[in-house]
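Undergrad: Submitted below is the structure of interest, expressed as structure tokens.
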Amino acid sequence: MESSILDSLGVEIIGVMAPVSICMFLVVLLTYSLSVTSDPQIRSAANLIYIENPSDSTTVKLEGSLANAIVFVVLIAAVTFILVLLFYYNFTNFLKHYMRFSAFFVLGTMGGAIFLSIIQHFSIPVDSITCFILLFNFTILGTLSVFAGGIPIVLRQCYMVVMGIVVAAWFTKLPEWTTWFILVALALYDLVAVLAPGGPLKLLVELASSRDEELPAMVYEARPTVSSGNQRRNRGSSLRALVGGGGVSDSGSVELQAVRNHDVNQLGRENSHNMDYNAIAVRDIDNVDDGIGNGSRGGLERSPLVGSPSASEHSTSVGTRGNMEDRESVMDEEMSPLVELMGWGDNREEARGLEESDNVVDISNRGIKLGLGDFIFYSVLVGRAAMYDLMTVYACYLAIISGLGCTLILLSVYNRALPALPISIMLGVVFYFLTRLLMEPFVVGVTTNLMMF
């Protein structure tokens, strides 16, 4: 039976929703603290066609915002296909360096501008040299934490949240109509790109899965968790070992990889003849020549930690006389103290029976990965709602969290990569306009008439 996120649903949901909630809360806090307003004259990839003016008619705003959203999605799709081609032709190092440059640019320029705005708004007494040193160290550490090995996962998670906050804070400066059309267009694009045949994101995931490689992308990875019910089974089905061959990253650090059971058994059989300290198995040798052993002993004796070369040669010569089943039975008995100590004794047979399930993805061991774009556009929606009223902020937050929970449930059912934007964004947009057009007038009316406090 395949493992599911439902086995540890609460921990998985909290591990994803907590950083999303923190990101949205800090974006709302920045919006209120810095009094962020839409800048109609801002020029970016999101408004290449039409620059919104307050004096424009509704029809002009509608047509211009729709054109901006279409162009923005087309640009994102084109860049994504370029990334697919680069990854297909093994330009992985180039992609990693590009991601590091992107992180440096976001933290250094966009984050630096927000940092200066905070200093000016709150009149923080700091000189320019100290400010530059702090910003430089903060940027360099964030850049190194993207793909460098040996970085604590908590630090990497924090920088992913920070980059989401910085980009979302800049997106909130876009005009209102353009922002809403871009959010809806991105939700639809995410749905097509991940699920449609030939979609760029689907091609990336399938290509990475076929190569058994990690995607060179900015994703938030929740800490992997294993439920108590699956812990014993996962020990047998997906043994974890520290491998120094193919699992060395660019920085030279050794990564933790999942080793299949048949690989472990094969390594164990190959190394059993090369170990300096061999376990000596002395069998009853009544049917063996008298020259091999003079003292016949009944039963089986084991000396697990004997390093004598002669004893090793004797053990090897005796072991080669048996068939493969005898070798496996001897190894089972020799390893029984270690197996019982590590709690794998009951799962040895089960592990052998699960060798054919190498392609099963164990989500409970890997954890859930959420793209940085999901953090950004969740926060953009809430930040845009914060420019109107706190009531719309509450409604949009509940809608986004509910949509994310539905996505996690679907993830556990289908056990494949799913888009995280469509459900949450659609619910958030619907809740925003329902709250703004229906709920807020009703609440304000009954409150002013002292019918509700």
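Glycine residues also receive a Cβ, built from the backbone N, Cα and C atoms like all the rest.
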Undergrad: Quick check on the record annotations: which of S57, S227, S249, S296 is tagged phosphoserine by Swiss-Prot?
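TA: The candidate carrying the phosphoserine note in Swiss-Prot is S296.
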Undergrad: Can you check whether Swiss-Prot puts L95 on the same side of the membrane as I129?
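TA: No, Swiss-Prot places L95 and I129 on opposite sides of the membrane.
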Undergrad: Which sequence positions outside the transmembrane segment (9-29), separated from its termini by at least 6 residues, show Cβ-Cβ distances below 8 Å to it?
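TA: Long-range Cβ neighbours of the transmembrane segment (9-29): 157, 160-161, 164-165, 168-169, 172, 220, 222-223, 225, 364, 367-368, 370, 374-375, 378-380, 382-383, 386, 393, 397, 400-401, 404-405, 408, 412.
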Undergrad: From the Cα of D374 (active site) across to the Cα of D190 (active site), what is the distance in angstrom?
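TA: Cα-Cα, rounded: 10 Å.
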Undergrad: Which of 69-89, 104-124, 133-153, 370-390 has the most Cβ pairs closer than 8 Å to the transmembrane segment (181-201)?
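TA: Answer, by Cβ pair count: 69-89.
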Undergrad: Which listed range (69-89, 133-153, 160-180) shows the maximal number of Cβ pairs under 8 Å with respect to the transmembrane segment (104-124)?
TA: 133-153
Undergrad: How many helix, strand and coil residues does the topological domain 'Cytoplasmic' (154-159) contain under DSSP?
TA: 6 helix, 0 strand, 0 coil
